[in-house]
Every structure is written in structure tokens, then in C-alpha cells.
Amino acid sequence: MHKMSGTVSFACLNESKNATSKLYPRRGTLQFIQKNKTIQTPACLAYTVRGAIPHLIVENTKDLPVDMYHLSLEHFLEEKDPSSLKYPHGLHKYINQEGKLLFCDLRDPQRKKLTSPNTNKFLNVDTHGGTRQVTPDFWGKILKAYRPDMANVMHDTIDDKAPGKKRIRKSVDRSLLWLDACLEHAKETSTPVFASVAGHTSEEERRRSTAETIKRDVQGFSLDLFGMDPANFDTLLQASMDQLPVDKPRLAYGLIYPEHILLGVRQGVDLFDGSYPQKMTDRGRAITMKFGSTSAQDGKQDKSLNLWDRKYARVFEPLDKSCGCYACKNGQTKAYIHHLLNAHEMLASIFLMGHNVYQMNEFMQDIRHSIDTDTFDLATKTFMSQYNHDKEPDGAVGHEDEIDAEALGVTVKKKRTLSYST
């Protein structure tokens, strides 16, 4: 076990089984000593917007098996003088999540937008209130006010789709410059910090970034693959992770979908940003995939159900009979959620989000079990052959103006064509 700071420790439980390789499916524990909480890895952090899991309020999350939230600080910087920085009791209490662990980063890993160019003095973040300039000193001020359980330091994220070698090199140099400045502020609060391994699409720069970053006293590492070609994930991960120490956790951004998570686990990633449930919920889909089987069934299956589909209008059964989420345990059927979607009721998103977060946790739990039982490779092969891996489309396409005609006793399809005359 590596004690990363006075408050956090990480242990890789299967290191001895893989002594000949640096990149392998890792089974670990991330322990928060003062909070008396342990995160079993590999794991997904819960994706949040302004400190809340999308579509859910605090009462909806109490029974969800989620202990650690990913918070994007740019969501709190919409005002020039954020009220959250004036709150004297820290971010846990500010967002009413005192029982959760908070991992803070500046940027939203799923919302990259072109912003004004960064400089060595500050990083630009795009908010609904305009562009904000964040300096290492301001980052330190945020750390003192929010008191997160872990934080990712400032890093020069490249928003360009095809940056040149000069821009990538500058990104690595600037990220290292900010890392040194941020570490000084982190020492003042004793906050465990992750450092970003930069380099974008350049294997050479990723290796240089890793070689320099591991010289610093950090408690973990983050790797950004968001927006890059999935065909290059393997080589980019190898370039970034080959030199990383075994006894510190790794977080990967951009490995969103189950196939990409499995690829990351195979390479030794410990933590993921966990935005897949939100994406499926916004598309009106319910996750139903299972991991861990070592024998494939006949025929390809979809990883999720499109509850907008009319075929579910009279299917009076739960989304997943084996699921323990609120909707599945309390008799909310596919037909009912189909109706809620067609009626544009927000309750549909509440049920789906709770279900999808629960299912994602089950997926990660099954991955951990497969590593414990040395069946990960076989289970992954079975999963890849058993499920469809095409993009899961937005189920609402073509249904935006649709109503549940049968339930309302009308024969028209579009809202705008309804007649209100008697």
C-alpha cells in the first residue's frame, strides 16, 4: 500500500501477479482515511453538473451505490464573484453532499469548447456567464474554499482538432509550469492532487510529459483522450502510462463507452469519468448490458433499450428484472417510462438516470470480480462478441413532437396539429 498523503492511500492488489508487465488490468483500493471510505478500483466517478448528478436531486441519490463525485469547477465560475467561494463551510455542504467524496477538476471532461488561447499566466474556461481566466493563485483560492477530497491540477487542454507539434509541445511545457505552481498551493491545504499527463496525439510528447510529471510529488495521474480517434487509444495510453509508477492511481478522460472502458482497464486505468449513464439517459435509453459471462449467447444484443420505441408501449415489465434501482424495484415498467418520454415528463429522466447510474456501477463491479477471478480477458472477449458496438442513437429523434396518442385518446401525432375544439 502506498500512503499518498496523510489522508489518502492507494494499493494495487494484484501487482505480484503481473510483475513482468507494467500495463495490465489492475485491481486496487483508494482509501480516504479521515472519511473512513474506500473506493474499489477500477471504478467510475459520478459525472455531475454544478455538483449534482444530472436529472437527480439529493433524495434520488441516497440509495445509489455511488461514493465519489467528479465536479467540474467551471460550472461554479459563471459569476465573476462566485457565491460558492464565499461560503465558509466548503463545497461538500454547499452542494448538500457531505457524505460523498469529491474529486475536482477545472474543465468539464465532456464539454470541450474552443475558448480564447491560454497563456503561461492563466487558463481560459468557458462558462454560461462568459470566459473566465484562472491563474494558479486563483486555483489555490478555490482549493482553500472548496476543500475537495482530491483535485486535478491546472493543465493546458488542447481544444483544436488538429494541433501542430509546436502547440502540443507548448501544452506540455505550460502544464508542467502550472503543475509546479499548483503544488505549492496544494501543500497549504494538504489536498491530494492528480497531475495531468499531457501530449495530446503525440506519443513523443506524452512520454516526455510522463517523464517530467513523475518527478513531482503528486498522488495520482490523469490522462486526457477526449475527442481523439478511438483507433489510437491503445497507443496513446501506452505512451502515457508505460513510465507511470504502479503505486499511484490513474484517471482517464474520454474513455466514455463500455468498450473504451474495457480497453482502459486492460491497460491499467483505475478511474473513469462516468458520463455514459448521462448520455444514455439524455437519449431515452436504459442500460441493460451485462459483463462477466464467459460464454456468449446466440445473436448480437443491444447494450441499452430505446424506450422511445413504440414496441415498449405495452411491455409491463421492469427495465431489468435483476436490477436493484428504484424504478426496477418499485414497479416502474417499460410501458410507463415509454409513456413518460412521449408525454415529455421529467419523471422519465429521473427513473432512467437512477437506473443507468446503478447499472454502470454493476458493470464496474463485474469488471472488478473478473479481475479477482482472472477471467477479465475471456469476459471481455465474450462481451465484445455478444453486444452490438455501433453508436447508440438518440431515441428521441423523430419523436420530439410526439405524444402518447393511445393514452390521450387522439389519433394525431404532432402536438401542433391537435384540435382543441369540441
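Note that Cβ sites are derived from N, Cα and C of the backbone, with glycine treated the same way.
In TrEMBL, the Zn(2+) site is described by Cys323, Cys325, Cys328, and among His355, His369, His389 the residue recorded at this site is His355. Taking the mean position of the Cβ atoms of Cys323, Cys325, Cys328, His355 as the Zn(2+) site, the remaining same-chain residues with a Cβ inside 8 Å of that point are Ala286, Pro318, Leu319, Asp320, Gly324, Tyr326, Ala327, Lys329, Gly354, Tyr358, Gln359. Of the binding-site residues Cys325, Cys328, Cys325 has the largest number of other Cβ atoms within 10 Å of its own Cβ. For His355 (Zn(2+) binding site), the number of other Cβ atoms no farther than 10 Å from its own Cβ, over all displayed protein chains, is 27. According to its DSSP assignment, His355 (Zn(2+) binding site) is helical. If you take every residue in the domain 'tRNA-guanine(15) transglycosylase-like' (25-388) and average the pLDDT, you get 94.
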